[in-house]
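Copied from TrEMBL, the annotated features are:
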- 1-357: region 'A' (REGION)
- 26-183: domain 'Histidine kinase/HSP90-like ATPase' (DOMAIN)
- 223-243: region 'Disordered' (REGION)
- 223-242: compositional bias 'Low complexity' (COMPBIAS)
- 358-573: region 'B' (REGION)
- 503-525: region 'Disordered' (REGION)
- 512-525: compositional bias 'Basic and acidic residues' (COMPBIAS)
- 574-653: region 'C' (REGION)
Amino acid sequence: MPTETFEFQVEARQLLQMMIHSIYSNKDVFLRELISNSSDALDKLRLESLRDDALGADTSDLHIAVEADKEARTLVVRDNGIGMSYDEVRDLIGTIANSGTAKFLQELKEAKDATAAEGLIGQFGVGFYASFMVADEVTLLTRRAGESQGTRWTSDGAGTYTIETVEDAPQGTSVTLRLKPADTEDKLYDYTSPWKIREIVKRYSDFITWPIRMAVEAPAAAENPAGDSADGSADGEAAAGEPEVETLNSMKALWARSRDEVSDEEYHELYKHISHDWNDPLETIRMQAEGTFEYQALLFIPSRAPQDLFMRDHKRGVQLYVKRVFIMDDCEALMPPYLRFVKGVVDAQDLSLNVSREILQQDRQIQLMHRRLAKKVLSTIKDMMAGNPERYATLWREFGRVIKEGLLSDFENRDAILGVSSFASTHDAEAPTTLAQYVERMKDGQEHIFYLTGESRQALENSPHMEAFRAKGIEVLLLTDPVDEVWVEAVPEFEGKQLQSVAKGEVDLGSEEEKKEAETEREKRQEEYGALLTWMTERLGEDVKEVRLSSRLTVSPACVVSDANEATPALEAMYRAMGQDVPHAKRILELNPTHPLVSALNKAHGERSGDDGAALGETAELLYGMALLAEGGELSDPSRFIKLMAERVERSL
Ligand SMILES: Nc1ncnc2c1ncn2[C@@H]1O[C@H](COP(=O)(O)OP(=O)(O)OP(=O)(O)O)[C@@H](O)[C@H]1O
C-alpha cells in the first residue's frame, strides 16, 4: 500500500495546536503518557496470549525501552506489546473518539487564564498528542501481535499525517520523537539527558509493572559525582563509557506497600496512569483485607467529573489485578454504578488469572468485596464531610448527582447515602444543607421534610407552591437534578421524618391552634365557594380531577398540585422518555380565595344568568393555564390559551 496522507480531524487539529503552542506548562508529562500507553499495550498482549494460544507472540521479555540519541536529538519509546493494526492506527491516532471533545475545546477557548486552561486539559488528558509539546515530528511504527505487516504513522502535528505499511516492523510499538531544541525557560528540557529521563520515569512511572529500560554509558565519575546510578538498577556490569542497560522503575505495586512507604505524589501518579486524568485526585482510599479472601485496594475519587459520566458507554474506573498481574479494566463487578466515578486498583490474591467478567459477576467473594468497597467509599465521604467540608463540597458538586442514584439501587446503603447527601434549600442561597441539618432546624410542630422538584432553583423559588411556606418561614429543599424526581418517591423518610413535596396533597402548616383556626376558616370559605368549585370541577373535568380551595397560596390566584401518591408530570415524562407506558394522572387545581381574581370569579358565577357560562368557562380555563405556567409546566393547547388571553386583553383596552 502506498503512503497515504490524511488530514487531522478538526477537533484533533485544534487540540494539537494548543499542545504545540504550549498551553500546558509541564511538558515532562509527555513521557509519562507514552509509557502509560506502552504499559497498557503490554498488559493487553499478556492477556491476549493467555486467552489465545494461536497468537504466537513472544511474551518472554515484555518490557519498555527508552532510547535517547543526543546527536540526532531523538527520543524513542519502544514496547513489545500488543501493537496496532493499520486500521487501529488510522482510527485511534489522528482522530479523537472522546465524545466530549467539542464541548471541552469550547471550554478551553473560554478559559480565563493559563491555570484554568491547565486544569481543563489536565482533566481531559491528551495521551499520545502530548508528544507534540516536545517534538516537531513524531513517528509511530507498530505491528500488531499475530499480523505480518507493520504500519508507520508520521506527522509534524501541523495539519496532516501519513500512514504507510511496512514489511519488517518488529512486533509492538515504537514512538520516535524528533525533539525541539531545549528551552529551559519554557520548561522544555533536554529530553536526551539520561538524568532527565531517570527523573521523569522515577517521578511519574515508578509503579509501572513492566521494566522500563534505558541503555546508558556506564556512569563516569565526572558525569555522576554521587557515584550511584540514580535509583535505577544496573542490569549489567560495564566499564566506564560502555553501554549498560539500566531498569529505571522499581515496579513495586503501590497498593501492596504500607502507607508510610509511599508518598502522596506516588499515589497520585498511579491515579493518573489509571484514569488518564492529569490532575491530582481529590481523595485516595487504601484498603487491605486479610484472611480467607485476601485483597488490596487503592481507590481514588477524582477532583472533577468527566464529560461522559452520564453517557451510556461510560467506563467504570476500577481495574482488577490478580496477584499483581493486570486482568481487566473497568471491572463493573467491583463497584456499583452510582460510584462509577471512583478509579483505582483492586488486587485479589485468590482468583484465577483466567477469570472472566461473567464469573466475576456471580462470584460470592467478589460480591462481598463489592459491598465492602462501596461501604468504604461511603464512609470515606462521611469522614470527608466532617473533617474537610471544602473537599466534600467539591465532591458533592461534581458527583452528587451520580451518588443520589444509589438511593434507588443500593437499599442496604440507603441511610449511609442519605447521610452523605446534601441539597439546595431555601435556608441558604449558596450553601447546600444535609438532611440532619434540616431536621435540626425544623420548626416546632413541623412533622415533614418539605421539598420541591423542578428545573432550576429560580423556577422553584418562584413557584406558587412555595408561597405559604415562605410566608411561614418553613424551609423547603429545592431539588433540581433529574434523579431527584425519582428518589424522593422511593425514600419514605429520614430519621423518622417523612419527605413531603410542597406540590402534592394537602398542606397544614403551623401550630395546633393555627391549624384549628385555618380549618374553621376553610369551612366558612368552602360554603362560600362550594358552588363555584363544583361547577369548575365539572367544567375542567377533562384536565383536572378536582378544583378545591388552597391553603398553600398567599399571592397567586391558583396552582396545580398532584395527589399525595401520584407521580408528578416531570416523573411521568421521564418514564415516558425511557419507553415506559405510564397512565396520565389528572391533577388538582387549587384556588386562592383571598385573590381578587378568584373572589370576582365566584361573584360572577353566583350572579351568572343565561349565556354567561361560556365566558366564565373561558376564565376557568385561563386560570388553569396560568397555574400550569406558574409552576413551569406545559399547556396542552398553547394556541387556544393565547387566543383567549388576547381576547381578554383586547376587551380591556
Ligand atoms: N504503545 C502503544 N501500543 C498499542 N496501542 C497504543 C499505543 N499507544 C497508543 N495506542 C492506542 O492508541 C489509542 C490512543 O492513545 P492516546 O494516548 O492518544 O489516548 P488514550 O491513552 O486512549 O487516552 P487519553 O487521551 O485519555 O490519554 C490508545 O487507546 C491505544 O489503543
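The count begins at 1 with the first shown residue.
Yeah, the Cβs are placed from backbone N, Cα and C, and that goes for glycine too.
Just so you know, TrEMBL annotations never went through curation; they're auto-generated.
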DSSP composition of the region 'Disordered' (503-525), residue counts helix/strand/coil, works out to 14 helix, 1 strand, 8 coil
DSSP puts the residues of the region 'C' (574-653) at 50 helix, 5 strand, 25 coil
Model confidence for the region 'B' (358-573), as mean pLDDT, reads 91
